[in-house]
Each structure stands twice: as C-alpha cells, then as structure tokens.
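Presented below is the structure to which this report refers.
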Ligand SMILES: Nc1nc2c(ncn2[C@@H]2O[C@H](COP(=O)(O)OP(=O)(O)OP(=O)(O)O)[C@@H](O)[C@H]2O)c(=O)[nH]1
C-alpha cells in the first residue's frame with residue numbers, strides 16, 4: 001500500500017481540546033505543495049497561501065485563503081530568486097503578515113527554499129507566529145542539485161534563518177524525489193511525494209490532538225517537546241497492514257528515505273511517536289512498535305506517544321516519528337513555558353541499554369549541543385541513518401546498514 005492511499009478522516013472528537021491549526025504555503029513551491037494537497041475540510045485547520053507572484057497565486061484553485069504581498073513594492077512579480085529582495089519584501093509586508101501568522105495554536109509552514117520569496121518571508125512569518133505563542137513547525141524543501149550551487153547556498157542560508165525562527169524545521173530535499181521516481185512517473189506525481197511527506201506529518205499531529213485518542217498527547221506536552229528547538233529534526237513515516245502489520249510498519253519506517261539525509265537529526269532528546277491505527281490494535285502490538293522505535297530513535301530521550309483510532313482502514317497502522325533536540329540556536333526571546341499538562345501520562349523517560357560493544361551515552365544539555373553541531377550539509381555518505389548507534393554490519397568491507405545509494409556513491413549533492 002502506498003502512503004497516499006491511506007485515508008484522511010475529518011472527524012474530530014467533540015471532547016477534544018479546541019486546538020487550532022493553520023497551514024500556510026509561502027512562495028511558489030510552498031504554495032504549490034499546499035495547493036496540491038488532497039486536504040479534506042478538517043475542523044480547526046485553516047489554510048492560506050502567501051506569495052509575491054500575482055500570476056502564480058491566481059492559478060491555484062485550492063480553497064486556501066490567498067494573499068498577495070507587497071504588490072506595490074514587487075508589482076505582483078516574484079523576487080526572481082533573490083533572497084535579499086525576499087527579506088525586504090517580508091519586512092515591507094509585516095503588517096499584512098501579522099494577522100496571517102496569528103490565530104492558531106499550531107502553525108505549519110510549507111516552503112520551498114532556494115528562491116527569494118519563500119526563504120525571505122517564511123522566517124518572518126515564523127517569528128510573528130511564535131511571538132503570538134503559536135508552535136511553529138516548518139516543512140522546507142531543498143533545491144535539486146541540478147539547479148546549481150548558488151540556489152543550494154541560498155537555501156542553506158534561508159534554512160539557518162528558518163531554524164532560528166521555528167520550533168522545528170523538517171527538511172525534504174528535492175534530490176530524494178529523483179531517487180524515488182521512475183522513468184515513467186510524471187514530474188507532478190514525483191513532486192507529490194514531497195507533498196505527501198508533509199501531509200502525513202500535518203495529519204498525524206492534527207489527529208493526535210483533535211481525534212479521539214487511546215493515549216492522549218496534548219498540546220502542552222507537544223509544546224514541551226518542540227518549543228525553542230531550532231536544531232535538526234528527526235522525521236520518519238511508516239505504515240503497515242495485514243498479517244505482519246508490526247513488522248511491516250517497522251520495516252517501512254526503517255526504509256523511510258527521510259531518515260537517510262544529512263539534515264535529519266540522529267540524536268534527539270525528545271521523541272514524539274504518533275500512531276494512527278484501527279480499533280483492533282492490541283497493547284502487545286503497541287508495545288512491540290514502541291519498544292523498537294524508542295530503542296532505535298530515542299535512546300535516552302523523553303518519549304511522547306499518542307495513539308488515535310481510525311477505523312477507515314481497520315487493519316492498517318500509520319506511524320509518524322518526530323525527534324527534536326535542544327541546541328540553543330534560537331536567537332529570539334524564548335516564550336514562557338506553559339504549565340505542565342494534567343494529562344501528561346504519555347510522557348516517559350525511557351533509558352535504553354547501550355548497543356552491544358558500546359558504552360552507554362549519558363547526555364547533558366551541552367553534550368546535545370555538540371552532537372547537533374557534528375552534522376553538516378556535507379558528509380551524508382558517512383552517515384548510517386537508523387543504524388547510527390548499532391554495530392557495523394560489514395560484508396566485504398562494506399557496511400550493509402548504509403543505504404545502497406550511499407554505499408555505491410550515488411550521492412545526493414547537498
Ligand atoms: N518539491 C517542490 N519543490 C519546488 C516546487 N516549486 C519550486 N520548488 C523548489 O523551490 C525552489 C524555490 O522556488 P520557488 O518556491 O518558486 O521560489 P519562491 O520562494 O517563490 O521565490 P521567488 O520566486 O524567487 O520569489 C526551487 O528552486 C525549487 O527547488 C514544487 O512544486 N515542489
């Protein structure tokens with residue numbers, strides 16, 4: 001089953017806390033992704049598109065609110081790929097952006113970095129949103145390598161600014177789409193894959209907070225895991241169904257291409273695991289899933305689990321894993337932490353045994369900073385993804401746990 005075949009259900013629990021969401025697509029690529037999403041009308045989720053390009057905005061048939069910014073300054077034209085112009089445009093549009101960036105507890109941003117509008121405007125929208133106490137999670141694509149090093153450099157610079165302004169930034173390198181596509185798949189279908197990655201993340205967080213849950217993950221717990229964390233984010237999706245549902249889900253999670261990129265954090269101190277499953281899911285199945293997931297991705301981490309039931313596909317499970325680390329990179333005032341939730345029962349601090357032949361890792365805040373700084377855009381070929389903490393699995397001098405495309409030197413130019 002493909003990820004996009006999994007259904008989205010718009011039912012919200014009448015007792016659910018009224019957590020409100022906004023999904024904002026910024027710039028050409030960010031707006032395209034939002035406009036392409038097969039988003040049902042979800043209660044409490046508003047959508048908006050922000051762009052400088054009048055023609056591009058006009059062509060979207062999406063029901064999202066559309067906002068052309070700085071028409072006087074830009075004359076309804078894009079910045080032509082100039083991030084400096086993007087920043088100027090953002091500043092000139094500050095008043096217009098304030099109401100767009102407010103009015104929701106959680107704001108998701110969809111932005112394609114590398115050009116001027118998305119990279120220039122998204123950080124300011126994030127800043128305004130966080131000033132209004134929203135939790136801001138951005139999904140940011142990075143340019144294809146074939147677009148040249150200048151675009152990539154611009155994207156990296158914008159990414160730094162975005163990370164400073166957001167609570168979490170989940171990067172989706174367009175080069176991954178090249179690896180996943182086939183000779184016969186259309187460009188639109190290939191681009192949809194990145195849209196789906198974003199959609200699953202949005203839907204997963206929405207479901208956990210708005211739909212009836214077996215195990216509650218509330219807004220306060222989520223805030224604690226995300227707030228003021230500007231570092232790299234671990235983000236992986238998995239799904240399974242049928243007889244070997246748990247093995248299949250774990251296998252799919254392990255193979256998630258997003259785990260094997262340099263922008264994905266390998267070490268996190270908070271791990272959020274959202275499980276959406278049919279009502280037939282059993283406690284031993286949840287235990288099997290969680291044991292493996294927390295051992296692989298959240299060694300020494302606070303693990304927050306939310307489980308919501310969806311009987312649209314009673315024999316299917318969807319899992320979304322998001323990990324964050326406090327790296328202290330945010331340069332704006334840190335909001336006051338909200339009071340602890342009454343219902344924080346899903347939060348545990350799981351201590352895991354060290355893998356065979358390795359010393360247990362004792363993490364301090366400072367240590368987390370160092371870990372985080374180890375990862376740069378370069379060096380993807382040295383990374384082992386989900387196997388980072390396990391022993392080498394060597395065969396003829398090759399580490400079989402590294403993705404094939406990395407072992408064979410088919411590198412994503414990051
Ligand atoms: N995945 C994906 N990436 C896109 C899409 N459209 C554009 N991009 C990427 O986004 C980068 C930035 O392009 P745009 O989003 O059009 O630029 P912008 O932010 O609107 O900025 P300007 O047009 O320069 O003012 C490009 O270099 C592409 O890598 C899309 O539909 N999907």
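Glycine is treated like the rest: Cβ placed from N, Cα and C.
Taken from TrEMBL, the feature domain 'Tubulin/FtsZ GTPase' covers 20-213.
The feature GTP binding site is assigned by TrEMBL to 28, 29, 30, 31, 32, 116, 117, 118, 147, 151, 195. Sequence-distant contacts of residue 147 (GTP binding site), defined as residues of its own chain at least six apart whose C-beta falls under 8 angstroms from its C-beta, comprise 114.
Under 8 Å from some Cβ of the region 'Disordered' (68-92) lie the Cβ atoms of residues 27-28, 50-57, 114-121, 123-125, 151, 154, 157-158, all in the same chain and six or more residues away from its ends. Taken from TrEMBL, the feature region 'Disordered' applies to 68-92 (among others).
The region 'Disordered' annotation in TrEMBL covers 330-362 (among others).
For residue 28 (GTP binding site), the number of other Cβ atoms no farther than 10 Å from its own Cβ, over all displayed protein chains, is 20.
Note: residue 195 (GTP binding site) has non-local neighbours 33, 36, 37, i.e. same-chain residues 6+ apart with C-beta under 8 A of its own C-beta. Averaged across the domain 'Tubulin/FtsZ GTPase' (20-213), pLDDT in this predicted model comes to 92.
Under 8 Å, Cβ to Cβ, and six or more positions away along its own chain, residue 117 (GTP binding site) finds 26, 27, 28, 51, 52, 53, 78, 79, 86, 89.
Within the same chain, the residues at least 6 positions away from residue 32 (GTP binding site) whose Cβ sits under 8 Å from its Cβ are 25, 60, 112, 191, listed in sequence order.
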